[in-house]
Amino acid sequence: MTNCEEEQFSSEENLTMKELKNKLAQMNLPISGARSVLVARLNRACSAGQSNLKEQASSETKTKTKLKLSETKPKTKRDRDVGEYLERLRTKELRERLASMGLETKGRKAELREQLQAALEEDASSEEETDYESETEGDKEGENLDILDLEDLDTLEVFTGENNANINQWFKAFEETTSRDEKGDDEGYTAYMYRILGIASHMDMEEAAKMRYIVEGIRDKEVNKAILYEDKSMKELKENLIIYEEQKSRIAESSVRQVRAEDNRKYRQSGSVVKYRRCHNCGDREHVNADCPNKSRGPKCFKCREFGHISTNCANILKVKTRCDEWRNENKRGVKQIKVMNTNVVAKIDTGSDLNLVRMSTYLRLGAPQLEKRIIRFDSIGAVNVHTMGRFKTDIMIDGLKATLDFDVVPDNFLGHDVLLGIELTEQMEVRVKHKQVKFKQIKKEQRENQCANEDNRKTRNDIKNLISGYTVTKTKDTGVRMKIILEDDAPVNQNPRRLSAEQRKQETLKEKQQEIEILRKERDLERERITKAANQAEQWLISVVKKYEQYREKMQKTVTDAEVAFSKLLEEKNALALQLEEENRKCKDLLFRFEEESGNNGDIQKERSEQCVINTVNENKIKDHEKQLLEERERVGQLEHDNIKLFETEEELTRLHNEVSNATAQGTQQLEDLQSRNKTLGEKNQQQSAVHKESEKGLWTEIERATKDLKKKNKLIEDMKKQFEHSTNTFKEQLQKAGETIENLKRKIPGTAMRHVDALSRNTVEVLLVQEGRSGLIDRVQKA
C-alpha cells in the first residue's frame, strides 16, 4: 500500500500547475495556493477517496441510523446557534465557507445555507461518534494532540508589518505553532512531508528550514534520523524518507514497537492493536463522549477553551503572548534583584541604553505613581518607532545602595524584564562587571568633591565673563605729556586735508564707474578673444582630424584593394595548383595502375628469369625508376597540400584585415561625433557668456543715465540760483545809486563833520558792492567748474 501511495505522490508531484488546478477543479476543490499546497490537497483528496471506497458499505448503514436519529432528535441549543449564525452570513461569506470546505458554491442563498448547515451537522455528528467507530482523518488527528490541525493554522496571522508589528514576535508564534506539529502514527512519511510543505507555504521560508521542521517532526531517536539530516535538497529528503520508511517497517516486523517514555497518554491494548480513547465534546482522554460530565454545558471551543460554542463561531480572540526578547540564559548575565517603592522586581542592566524602562504591568504593580506627560519615540533591535507612555521619578535600592532615577513606561511586549536600567545609573554609583556578574559600589567622596568643584566653576564662569566684558579703564594719574602731530613735506599724509565738494565726488564716482566699465569691456574682449581662439583651435583640430581620417581611410582603402588583388592572385594560384594537383593525382593513379600491372606480371618475369636475365635487369631498373618517380610525385603532392594550407592562412589574414578596416572606420566616425558635440558645448558656453556681458552692460548704462539725470537736475538748480542772485544784485545796485545821489545832495548841503559821516557811509556802500561783485565772480567760477 505504501508503494502505491508513493507512486501516486511522485506522479502528482511531476504535474504542472495547470494540470494540478484542472484535477482539483474536477474534484470541486479550491485551486488557490502554492504548488506544494495544491499537491498536498490533491493527495489528501485521493487518500480520502480510497478510504471512502473501502468504507462505503459500512458508512451506508451508519448514515441511515444517523438520519433516523436526526429526524427524531429535537433541536438543541447548539443547532439553534448554528442556524442563527448562518442566517447572519451573506451570500459571499456562505460561498467562501463552502469553497473552504471543498463544496459547490452555485445556487441561491437559501440553498447555500442549507448545504452549509448540512455539512456542519455532519461534522457535529461525526464528533459524537465513539473512538472505535471513528477511523476518519479527524479522529486520527484527535489521537495525537501534538499534530497541527487546521484550527491552529487559522490562528496564524499573515505578517503584514502594520501597527509597528515585530517580525521576531511573529517568528516566535510561528515556531511555537510548528513545534507542536509531528507526524501521526497512521500517516505516511511522504504525506506528512507534503502537509508540512503546505503549512510552510504561508510564508517565504528557506528550503533548509523546511527540511529541518520535517525531520524534527518525526518521532524517533536522533541516531536513527541521521540519514535524514545529511540531505541537501528536498528531492534527496524524499528519497531518504522512502528508505527510512522501509527500514522502520523491517524493524517493526522483527521486533515489537516500543512506546515512548515521555508519552503519558492512556491506552487500552487488545492483542497487538492499540486504540486511544478521547471525548469529542471536551477533548479529555479520561472518558468518551457518552460519559462526558460537561455535556450539559454544550460543545467546547478549541480556540478559547470555553463551552457553549464551536471554534468556527468563536467571538473571542486568543491573546498571543508576544515578547521580542526572552531571557533564556541560565547564568542570567546582567540581571539584578532590586527594590522599587518597597517592591522587589527583576532588573536588566544595559549601560548602552539612554533610558530607564519599566513594563506597564510592573508600573501597575508598583501602585501606578503619577506620570509626567513626556512621550519619547525611539528605535531598538527588532522594534521601530516605539514610544513611551510617560515618565515618573522614584528611588531604588540595589545592593544596599540608594539611587534616584527617571523611569519611562513601555508596553509589556517590548521589554522582557520588569525593569531595564540604563546609563543614568552610572552617574550615581560605580558599576563593575566580573565573572558575568554585575556589582555596584558607592562613588568615593573625593570624586564627589571634584564633581561639586567642577559644577561651581561652571556656575561662576558666566559671572567672570560679565566682569571682564563690563570692565572700563578709569584715569587715575596725569603725567602732563602732550603729543602733537607735525606735518613734513617728505612724509605723505594718509587723509586729504579738505573735504571734496559734491560735484567733485560725483566726477570721481563717474570716473570710477567709467574705469569699471572699461575694465569690464576689456574683460569681455579678452573672453571673446579666448572663446574665438578656442573655437578656432577646435575647428583647426577638427579639420586636422578630418584630414587624418581621410588619409587613414584612403590608406585603408588602398590596403583593402591591395589585399583584394593579392587575394585574387592567390585564388588564381590556388586554382592552378588545384588543376596541377588533379593532373598529378591522375598521373599517380596511372603509375599505380602500371605498378599493379608490373607487380602482376612480376610472377611471369620471375619464371623467365633464367632465360631473360638481361631483360630482368632492365625491368628492375625500370621498376626502381618508377618507384623514384612515385616518391617524387608523393613529395609534390605533400608540397601542394602545404601550399593549400598557406592559402587558407592568407584567407584568414585577409578576413582579419577586413575586420580591422571596419573597426578603424567606426572609431573615426565616433571621434568625429565627439568633436561635433564638443563644438556644440563651446558654442553654448559662448552664448551664455555673451548674455551675461550684455546684462552687465545694460546695468552700467542704466547707472550712467541715472547719474547724468542727477547732474542735469543740479545744473538747473544752479542756473535758478544764479538768476535769483542777478535779480537781487540789480535791485541792490539801484538802491546804491539812489543812496549815492542822496549822499551827493547831502554833500552839497552839509559842510564839515557831517561830510566825514557821509564819506564813511560811501565807503561802506563801496565795500558792499565789492563783496557783491566777489560773490558773483565766485558763482561764475562755480558754474564754469
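Every residue, even glycine, has its Cβ placed from backbone N, Cα and C.
Keep in mind that TrEMBL annotations are predicted by a computer and have not been checked by a curator.
Residue ranges 263-307, 443-487, 623-667 are listed, and TrEMBL annotates 623-667 among them as coiled coil. The largest share of C-beta pairs under 8 angstroms with the coiled coil (623-667) comes from 567-598, of the ranges 503-537, 567-598, 704-749. Summed and averaged per residue, pLDDT over the domain 'SAP' (12-46) gives 75.
For the domain 'SAP' (12-46), the DSSP-based tally of helix, strand and coil residues reads 24 helix, 0 strand, 11 coil. Residues 27-30, 45, 312 of the same chain, all 6+ positions outside the domain 'SAP' (86-120), place their C-beta atoms under 8 angstroms from a C-beta of that stretch. Here the domain 'CCHC-type' (300-314) is broken down by DSSP into helix, strand and coil counts: 3 helix, 2 strand, 10 coil.
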